[in-house]
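Colleague: Quick paste of what TrEMBL says about this protein:
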DOMAIN    84-128  domain 'Homeobox'
DOMAIN    131-332  domain 'TLC'
REGION    347-389  region 'Disordered'
TRANSMEM  36-56  transmembrane segment
TRANSMEM  140-160  transmembrane segment
TRANSMEM  206-225  transmembrane segment
TRANSMEM  261-283  transmembrane segment
TRANSMEM  303-324  transmembrane segment
Amino acid sequence: MAALSAWFWNERFWLPHNVTWADLADPAPGLEYPKAGHLLAALPLALGIFAVRILFERFIASVCARSLHIQAGTGRRAQPNAVLEKVFTSITKNPDSRHLDGLSKQLDWDVRKVQRWFRHRRNEDKPSTHTKFCESMWRFTFYLGVFIYGSQFLWQSPWLWDTRHCWYGYPYQVMTPGLYHYYVTELAFYWSLMFSQFTDIKRKDFLIMFIHHLATVGLISFSYVNNMARVGSLVLCVHDASDFLLEAAKMANYAKYQHLCDFLFIVFGVVFFITRLVIYPVWVLNSTMFESWAIVGPFPSWWLFNVLLLVLQVLHVFWSYLIFRIALKAMMRGKVCNDVRSDIESSSEEESEKVTDGPKTFLRNPKGENGTNGHCAAAKARTHNHSSW
């Protein structure tokens, strides 16, 4: 284990030339450099956030949902049937024509009736509009709160106004309490999202979202350990700027406020484009790739960090294209199309057109959510991505 630890924490990978872990081990009294052990505090905090989320959704978001006439429940339930239930749980949730014909003959049911049973049964395993509204309200509250905190903290930080301060004196940069709290809170939130995936209703994008949350946790932890937290805080704030707008648009969609949803989605799209396609590459990537090269110089973890940030930028371009395509279709139809990661299926047997933005997923259903027309949709991922990161 000692050999494995020494290999993993190799100074030549993590630190600039002529810098060792010993150099960072004993800062001046009252000062602290980032250490990997600091991140362990995120785990109990994640459990606390998860508990707060449960209470928030049950006693605050649920009340708001009911006040907006969003009722709990998934609609019509499938009638109990042992034969079909066994097929559903052990063979397939989407039977093909061969299975449908066989079940139709076995039960003496019309094929359409068998199809309808499977559709209703699948809907039972999907979150109701009430559940999704509560989830979006929780995410909206957290994203907005952490964005306000991050903005206030960065407003007083010199590297917001001159990104070269992200690299002056690197890696001997003190971890301030404000930066530490910002980082650990964001990290704990994404840990809590990973925890909640195993207790929430399982969705089709379970694996995709799990990988996204895991990658986000990895990026935040990586930038903290090699003390790139200053520029990391800029990346976090840039991503947080649009996430709460998407959740607000989703809440408006679930509450059936069409015009508000359309407006919020447009604002989200504009902010997304500005932050991800302009500010991020011009401000953040310019600093991590060119300013840091001139001030600190490259080293192995520097290369890896920049490669990951460039991959993130490629994803930004891809997600922006998808958002633009949705907005274009919306303008042509006069409304923002419906979304849903795992919404109630339409009574139509047509395949819905699904578009994924990484941490956000958009789904156009010809009849709209729950078979109704004209409701906008923008659903997650956080984003944010991750995405967020």
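Just so you know, glycine gets a Cβ as well, placed from its N, Cα and C.
Describe the structural context of these features.
Modeller: When averaged over the domain 'Homeobox' (84-128), pLDDT in the model lands at 86.
Through the fold, the transmembrane segment (36-56) approaches residues 137-138, 141-142, 175, 180, 184-185, 187-189, 191-192, 195-196, 221, 224-225 of its own chain, all at least 6 residues removed from its boundaries and within a Cβ separation under 8 Å.
If one looks beyond the transmembrane segment (140-160) by at least 6 residues along the same chain, the residues whose Cβ comes under 8 Å of a Cβ in the stretch are 49, 56, 166, 178-179, 182, 185-186, 189, 230-231, 233-234, 236-237, 240-241, 243-244, 247-248, 251, 384.
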